[in-house]
Amino acid sequence: MADVYLDNNATTRVDDEVVQAMLPFFTEQFGNPSSLHSFGNQVGLALKKARQSVQKLLGAEHDSEIIFTSCGTESDSTAILSALKAQPERKTVITTVVEHPAVLSLCDYLASEGYTVHKLPVDKKGRLDLDHYASLLDDDVAVVSVMWANNETGTLFPVEEMARMADEAGIMFHTDAVQAVGKVPIDLKNSAIHMLSLSGHKLHAPKGVGVLYLRRGTRFRPLLRGGHQERGRRAGTENAASIIAMGVAAERALEFMEHENTEVKRLRDKLEAGILAVVPHAFVTGDPDNRLPNTANIAFEYIEGEAILLLLNKVGIAASSGSACTSGSLEPSHVMRAMDIPYTAAHGTVRFSLSRYTTEEEIERVIREVPPIVAQLRKLSPYWSGSGPVEDPGKAFAPVYG
Amino acid sequence: MWDYSEKVKEHFYNPKNAGAVDGANAIGDVGSLSCGDALRLTLKVDPETDVILDAGFQTFGCGSAIASSSALTEMVKGLTLDDALKISNQDIADFLDGLPPEKMHCSVMGREALQAAVANYRGEELEDDHEEGALICKCFAIDEVMVRDTIRANKLSTVEDVTNYTKAGGGCSACHEGIERVLTEELAARGEVFVAAPTKAKKKKAAPVVAAEPAPAPVTEAPVAPPKMSNLQRIRRIETVLAAIRPTLQRDNGDVELIDVDGKNIYVKLTGACTGCQMASMTLGGIQQRLIEELGEFVKVIPVSAAAHAQMEV
């Protein structure tokens, strides 16, 4: 029986059509798009087409607003550092506590360099307080960087509204949309978003290619200087095959947008309901009414996530966890902590993320396999006794060195 | 995912002695909920002989925490309490054919649970000397607390010092940014400014490997130690230096012993976990550097294996 892959927020299988489209660019049309001869010329035309496909997926006004990069992280760094370089008189960055490390680590580094960083807190469902946000928008803010959808919970942030608020205050707005692109409709020309990051491998393109959307007229300072590639805004020879793949992946994402929001969503809801109906002391984290259609993040109380993943892996199911152990850090996921999820639950969060390849049979299999695994680990847990948690778990088991 | 040994997987998939022991008379609860690892160890001890008759565990934690707990219960059954206490966290890790560096704390937790359970049985108070911070050096599993404490205790000021004292940063060197950050903070706290080592692709050896002669100028200028010391004074001085280094080694279950002093050659024996440690030469380099500074003269520290030493004495 083939393994079940429910970790599509980590990375996705490359679409067959995407692979077919990129292959000729390794061996037949291998030229440098900057070259004048026919070897390069054809590649240049293919890049142009890819750029237009991404433009269409994002609803951007001009294809020159699309800058190809190497990954989502590069796009995030380019956007935030550009805003600071272009406006040296502004020394503040606004972001949120639940951003991806691509933004959060950079902001922490900027803070150590003397910049002011405001991290907007979230409530127990992972939602932002927009009044608080409005109060922080002043002339010292160079850029606001807020993710469109959270990678762990799938919770969506009102980035279009937040971009409008920033724009009205004369502040650049960047969004890390790597989880949202391809899963929620995006129409940038009718938004106030100045910059947007996306990553190819999250939408069935290969790893190693990303995009930075840069609204025409937005002041910009490149991260990589050198050649004239990407109109001098991202020097370095184009990763032609992957950019072409990105273009086809963008077309396919547009075709499957409806499917993501109907069929994938239905399977996700079925998975979630199926597990919660059988497993007690488990709950969905984040904002269930306002999230990506493919993501289910479930906290299994009194057990630890890595142990769950190892047992799932043993029966051929791939998922991921917000536990400390899976990351090698000492704290559970910063997203779970930010939502004030207690430690006994935060360590036991498991993220199931579906894709257009997920089938009904796979979901039914996961619904069957999860409950006994949870029960098996709870039997080992000092917080569990018989068929339920011990009475007053915090008191019954209070380890020293806590 | 982690690179777990088959033994770890075996003890995780089919843990031994899971659950609380009936009629337990020794209970140890340890761990940290914030870290996501906590363990209750229950033992049934024969009050006449102090022999552990049965052991059970309940663990909230990851695969290696569960495997370490299972291993611990297997290891202690049938031992007297005193013998059980001799089990180190390294023994638990060895029993499991090793643990990834990020997971060594799971074996430490097992060792602590044992101490806590024995203390509970004997009605003793357990001193909480547990400290744990985020890992700085992943090559040698050295955490920030250890780096910070060592910098403070020994007034260290360079990354190289930190590597010599703790091993942190002695591997892939990716953590040097982190070590520099801690150094900057610690030096600022004592009113100094961190100055990075000059950029050099080829590092000069901490101490040249040439034999006894010709001794290059000591690294430290203007040696503080008086140039003339009697043999006895000199050996006492060497002993003092080694004694100062010893706690650092013992923290890693290692130790160093002075075997002989012959002019500029100082023969030592590394024991415990230091034996066969791939960082042994780094450790020796650190000891040599320290001795050069303290004695104000160039000396060469030479490791002596137990066998070689036996031969030497014949």
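Using N, Cα and C of the backbone, Cβ positions are placed for all residues, glycine too.
The domain 'NIF system FeS cluster assembly NifU N-terminal' feature in TrEMBL is assigned to B:4-125.
If you look up TrEMBL, you'll see B:Cys35, B:Cys62, B:Cys106 marked as Fe cation binding site. According to DSSP, B:Cys106 (Fe cation binding site) is assigned to a helical segment.
According to TrEMBL, the domain 'BFD-like [2Fe-2S]-binding' annotation covers B:135-185.
The Cβ of B:Cys175 ([2Fe-2S] cluster binding site) has 25 other Cβ atoms within 10 Å, all protein chains considered. Positions annotated as [2Fe-2S] cluster binding site by TrEMBL: B:Cys137, B:Cys139, B:Cys172, B:Cys175.
As annotated by TrEMBL, domain 'NIF system FeS cluster assembly NifU C-terminal' applies to B:238-302.
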Subset of B:Cys62, B:Cys106, B:Cys139, B:Cys172 (binding-site residues) with C-beta under 8 Å from chain A: B:Cys62
B:Cys106 (Fe cation binding site): tally of other CB atoms within 10 A of its CB: 30
Listed binding-site residues among B:Cys137, B:Cys139, B:Cys172, B:Cys175 whose Cα sits within 10 Å of B:Cys106 (Fe cation binding site): none
Euclidean distance between Cα atoms of B:Cys35 (Fe cation binding site) and B:Cys137 ([2Fe-2S] cluster binding site), Å: 18
Cα-to-Cα gap, B:Cys139 ([2Fe-2S] cluster binding site) vs B:Cys62 (Fe cation binding site), nearest whole Å: 21
Proximal but sequence-remote residues of the same chain as B:Cys62 (Fe cation binding site) (Cβ under 8 Å, at least 6 apart): B:Gly36, B:Asp37, B:Lys103, B:Cys106
Between B:Cys35 (Fe cation binding site) and B:Cys175 ([2Fe-2S] cluster binding site), the C-alpha gap once rounded to whole angstrom: 22
For the domain 'BFD-like [2Fe-2S]-binding' (B:135-185), residues assigned helix / strand / coil by DSSP: 29 helix, 5 strand, 17 coil
